[in-house]
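J.: As annotated in TrEMBL:
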type	residues	note
DOMAIN	32-126	domain 'Ig-like'
DOMAIN	133-237	domain 'Ig-like'
SIGNAL	1-28	signal peptide
TRANSMEM	236-260	transmembrane segment
Amino acid sequence: MARRSRHRLLLLLLRYLVVALGYHKAYGFSTPKDKVVKATEYQEIILACKTPKKTISSRLEWKKLGRSVSFVYYQQALQGDFKNRAEMIGFNIRIRNVTRNDAGKYRCEVSAPSEQGQNLEEDTVTLEVLVAPAVPSCEVPTSALSGTVVELRCQDKEGNPAPEYTWFKDGVRLLENPKLGSQSTNSSYTVNAKSGTLQFNTVSKLDTGEYSCEARNPVGYRRCPGKRMQVDDLNISGIIAAVVVVVLVITLCGLGVCYAQRKGYFSKETSFQKSSSASKATTMSENDFKHTKSFII
């Protein structure tokens, strides 16, 4: 009994596979294979649709996939801005003057009637647009104190793929390993080519100079204008002189207050205030007496 049940299960599985294969052949659906093509911005690219040869009864559609699906080629006509800068070569699309906005996933759909029914085939291709870096934004402090930590930043947001960064001081490239450089430069800095930062752990007067940064990827490179950073030593003598001046001012003010108290300037002012308040009180009492007297009469 167990053997018979196993044979029945095998027969059922075989029948299921036969039905599935027959369904696949009847409708001719093929699983799309995603492939990637790369194009440099402002150049041209061909998006190929690998399907059987085109026939009179074949219907072709190209779509750009994303959050919303948009037609590129529909009802035998290019759509949108592809009308003016693209052309059809069989099932393929030739795009001239590619822009970064063209990047994305595209799908071609070819349908044609057959003896088994409607035959539908699809092919998917991803377009990656390579973009050269723009002029990077460079953040360089104009001044710094020796012995402090100073960080210079460089960034580009347009390059694709993401660029790597190189820093220059007075037109000379700063090596990622400062120990390999000349002895006249500070060896306490670190360069991050990925993030574009140049950090001095303890900046010194030797680091005074003009700094610029270059962003580079396989498509191109750009450099920001040089900016000067001035590094000065901490002026200890100036700080001491300022403290001495402040102490002298406070001392003179205190001596002046003591001298005024000894001369009685503050006591005279107090007695004057007391006499004026007493005279006011006497005047008010006399006025009150007059009012009272008139009321009694």
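For all residues, glycine too, the Cβ spot is worked out from N, Cα and C.
Note that the structure is predicted; figures quoted are calculated from it, not measured.
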J.: DSSP-wise, what's the residue breakdown of the domain 'Ig-like' (133-237) into helix, strand and coil?
T.: 8 helix, 46 strand, 51 coil
J.: Looking only at the domain 'Ig-like' (32-126), what are its DSSP counts of helix, strand and coil residues?
T.: 7 helix, 51 strand, 37 coil
